[in-house]
Amino acid sequence: VFSSLSIPFLKYPQKKMEETALTKDQVTEFKEAFCLFDKDGDGCITVEELATVIRSLDQNPTEQELQDIITEIDSDGNGTIEFAEFLNLMAKKLQESDAEEELKEAFKVFDKDQNGFISASELSHVMINLGEKLTDEEVEQMIKEADLDGDGQVNYDEFVKMMINIG
């Protein structure tokens, strides 16, 4: 759980508790993780406790970065992270990792030869299978819009950016 908690990934908009669909096992696991952060056992994670855990993961955030993390997660604004706020963060991280997996699978569907790139012919093939009849010009235009580095094909990072922009 903790190895994936790098600073940029801690900054998420929070969802309300009832929107988090976690299993009992996940809640139990996250409670154990929360207790590792909550060194003094008072039910909340302070900036100092957060710093201790993050630094134990060989990361060296500044005081401002630590405060920013607390502020992003701290939905009630009291300056600390309670368990409910921690659960919201972890539920969001799980949803994002599921979305990442879905994007990888979608990319594989398009990347027929598994060379790490989507060519115009691969895009055309998938679109035909989806029932979309596109002209060569339309396919080339789609590639051109997604192809940020101008190499004539779409790599995984370009695919992700394109999918995020569509969504």
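Please read every residue number as a count from 1 along the shown chain.
Glycine is no exception: its Cβ is also placed from the backbone N, Cα and C atoms.
All annotation found in TrEMBL is predicted automatically rather than curated by experts.
Pulled from TrEMBL:
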type: DOMAIN; residues: 25-60; note: domain 'EF-hand'
type: DOMAIN; residues: 61-96; note: domain 'EF-hand'
type: DOMAIN; residues: 98-133; note: domain 'EF-hand'
type: DOMAIN; residues: 134-167; note: domain 'EF-hand'
Helix, strand and coil totals (DSSP H, G, I; E, B; other) for the domain 'EF-hand' (134-167): 22 helix, 2 strand, 10 coil
The domain 'EF-hand' (98-133) [mean pLDDT, rounded to integer]: 89
